[in-house]
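Participant: Residues or ranges marked as active site, schiff-base intermediate with substrate by Swiss-Prot: 29. Per Swiss-Prot, the feature active site, proton acceptor maps to 87.
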């Protein structure tokens, strides 16, 4: 399982660089613009320059509306700025067909510029609160649009977490659907160390965190702490080892 960490500034990216051995992907977002809020192109470039060259940089293009042209241009801006994972939050898509239309436009825009870039279609575990596509529709949207990964996050950051809205058995079905279509499965949404057991067991490919590695557990007011990144990775590795030998980890 890969660990994706989301700094919101160059300063935080430098903190991530200090913990580079413990993380796999540096994700650029702007939390005050939403769950998958897009940051500025120059911030993506500066963060790309700040972290080790062997660490991929991902970038969100926003909690996007159903406007395929607008979203495709935003996605191209992210990949031109140096991101190799492009994440799209299907916030304004109310049907699978709308999601597919948006994601096909993104895939074309991104892959025409950089064929090896990875495109991630993200739905929301709390979709029922905002009226967007059902979480279990996202793997099919990703597959039919030519994307590389399907993701779930939470749209409303009010202290509720991924498993509060989509229980582990439903997340496991999400992962299974993604894998059946040859996609990576990414899960996020106020994930904590306590969630790592079920996330590991269900075969999650990428886990995304911010609050769990911020001072005080606060994704907005807190700053990413290298020692918390290291601790989170250590717990991930412990669960991976114990899962590999069939021994349930004790939290």
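Every residue gets a Cβ built from N, Cα and C, even glycine.
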Participant: Looking at the active-site residues 29, 87, which sits with the largest number of other Cβ atoms within 10 Å of its Cβ?
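Facilitator: By the 10 Å Cβ neighbour count, 87 comes out on top.
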Participant: Under a three-state reduction of DSSP output, how is residue 29 (active site, schiff-base intermediate with substrate) classified: helix, strand, or coil?
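Facilitator: It is coil.
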Participant: If you run the three-state DSSP split on residue 87 (active site, proton acceptor), which class comes out?
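Facilitator: Where residue 87 (active site, proton acceptor) sits, the three-state DSSP reduction gives strand.
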Participant: Quick one: Cα separation, residue 87 (active site, proton acceptor) versus residue 29 (active site, schiff-base intermediate with substrate), in Å?
Facilitator: 10
